[in-house]
Amino acid sequence: MAQKAAIIGGGVIGGGWAARFLLNGWDVAVFDPDPQAKRKIGEVLDNARASLPGLYDMPMPDEGTLSFHDTMAGAVDGAAWIQESVPERLDIKHTVYRELQDACDADAVIASSTSGFKPSELQENATRPQQIVVCHPFNPVYLLPLIEVVGTDVNKDMIGGVEETLRGVGMFPLMVKKEIDAHIADRFLEAVWREALWLIKDGIATTEEIDEAIRMGFGLRWAQMGLFETYRIAGGEAGMRHFIEQFGPCLSWPWTKLMDVPELTEELIDQIADQSDAQSGQYSIRDLERHRDANLVGMMRTLKARDWGAGAILNTHDKTMNQTRVVPETLGDIVDLGKPVKTVDRAVPIDWTDYNGHMNEARYLQAFGDATDRLMGIIGCDAEYIATGGSYFTAETHIRHLDEVHAGARIHVETQVILGAGKKMHLFHVMYEGTRILASGEHMLIHVDLETRRASDPAPQVAEKLKRLAAAHAGLPRPEGAGAAVGVR
Ligand SMILES: NC(=O)C1=CN([C@@H]2O[C@H](COP(=O)(O)OP(=O)(O)OC[C@H]3O[C@@H](n4cnc5c(N)ncnc54)[C@H](O)[C@@H]3O)[C@@H](O)[C@H]2O)C=CC1
Ligand SMILES: C[N+](C)(C)CC(=O)CC(=O)[O-]
């Protein structure tokens, strides 16, 4: 049975949490007095469904059930995890904890999204302070893995379980050892924010110029190496020590405003809001969210391919989503050899879509290429075999694009072996969304000797498996479209 998360406060952050849990297979129950909450969460979910599943190369679990409740008690009933994301005011949070602790399971985790309050402040006067822990996320919660976890002495025992749950929904829990106002990341962001406000107030830069300064340069560096690894490189061969010796002294020069806080006068607020409207007013917030999500998915998938930073977290989460559940790894995993083999089961990543708003033609080949790789693995032509000097090369491909498919959709490929004898392997892939046929891919592959780069017979153990599969598929009807060529009907 799916686990249940209660979302108390379904605004910007609560909506993101709802999507994170729901798309990772949890049932989600929302309580928010805002009459618009259902619509707003629905829109966040649409964005999440189009972006999150495509971060992974495995299908995500089936979505849990989403429900909305008129009372907090209704939402927290049976919930193992309660995520509080109400406005950043201590009095509101205390009132909410009192009400929900009267109704919730005494073992449930009450996690607060607070950006700034310390857990000891949240726990003051609580019925069971040990239930309350800070789990500070980053927007968009459904895509960004970072989550700052801060507890106190009274709930040391529960922290391990909190970490495990968060990893289970694909997050990267940063376990903050000492409670401080605004935890780690927001301390840092506040410093950057303060400097930006000064640059605007002093008429040095506009909101747009500040954003360009970040996104054309150091923002790109930060996304993949952070601050210290980046500056270690900037120290040259002498590394961090040299970097500090060279640039440390400038901290006491007038390069920063340090702790001075600009007064947030009406004039400054107007200036910032007007500049921001001039910079980005042509987009709605939902448009901006979609651009942000597509950019993040693209960047994170690049990091994933390099198993680096946030990408490594995605790879770890991929491994926990059991691929053998849906796609066989060996011939022995196939239940019925006489049927086409499922060789791909995944979601369409948002960066696989194009200006026509659907999956780009090149990605059909990518998915069919993945299907061929899987079939090669099934017949024993895996990394270990390839390292011994044999492999298959694709000699000819014919793809038919039969229907369109969109970001986030779950697709699968079924593969029929039309011929598997000697040096030749003739495959016919069909791509589906559910039962809807999207495309077919027909491929002729030749076994090669990787040293001579010439056609060669496969090793007996590969030849034998391929022959078995081909014989089992010989009883299947010839697939519709097999042997077709591009032509005028
Ligand atoms: N917006 C951001 O960038 C981030 C915010 N946070 C934290 O998340 C929390 C929520 O912030 P946002 O989502 O930005 O605020 P928001 O204003 O978008 O959402 C707050 C939601 O709480 C609801 N609410 C108000 N009183 C409530 C109550 N008594 N019970 C249930 N729901 C109630 C409101 O109707 C609203 O939908 C804050 O603690 C904030 O510090 C954390 C990370 C990032
Ligand atoms: C502005 N903020 C302090 C609420 C931001 C955060 O807490 C985290 C984020 O998403 O940047």
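For all residues, glycine too, the Cβ spot is worked out from N, Cα and C.
These figures come from a predicted structure and were not determined experimentally.
Residues or ranges marked as NAD(+) binding site by TrEMBL: Gly9, Gly10, Gly11, Val12, Ile13, Gly14. The domain '3-hydroxyacyl-CoA dehydrogenase NAD binding' annotation in TrEMBL covers 4-178. What TrEMBL lists as domain '3-hydroxyacyl-CoA dehydrogenase C-terminal' is 184-249.
In terms of local Cβ density within 10 Å, Ile13 ranks first among the binding-site residues Val12, Ile13. Least packed by the Cβ count within 10 Å, out of the binding-site residues Gly9, Gly10, Gly11, Gly14, is Gly11. Secondary structure of the domain '3-hydroxyacyl-CoA dehydrogenase C-terminal' (184-249) per DSSP (helix as H, G, I; strand as E, B; remaining residues coil): 57 helix, 0 strand, 9 coil.
In the predicted structure, the domain '3-hydroxyacyl-CoA dehydrogenase NAD binding' (4-178) carries a mean pLDDT of 97.
Annotation note: Gly11 (NAD(+) binding site) sits in a coil segment as assigned by DSSP. Those same-chain residues not listed among Gly9, Gly10, Gly11, Val12, Ile13, Gly14 yet with C-beta within 8 angstroms of the centroid of the NAD(+) site C-beta atoms are Ile7, Gly15, Gly16, Trp17, Asp32, Ser85, Val86, Ser113.
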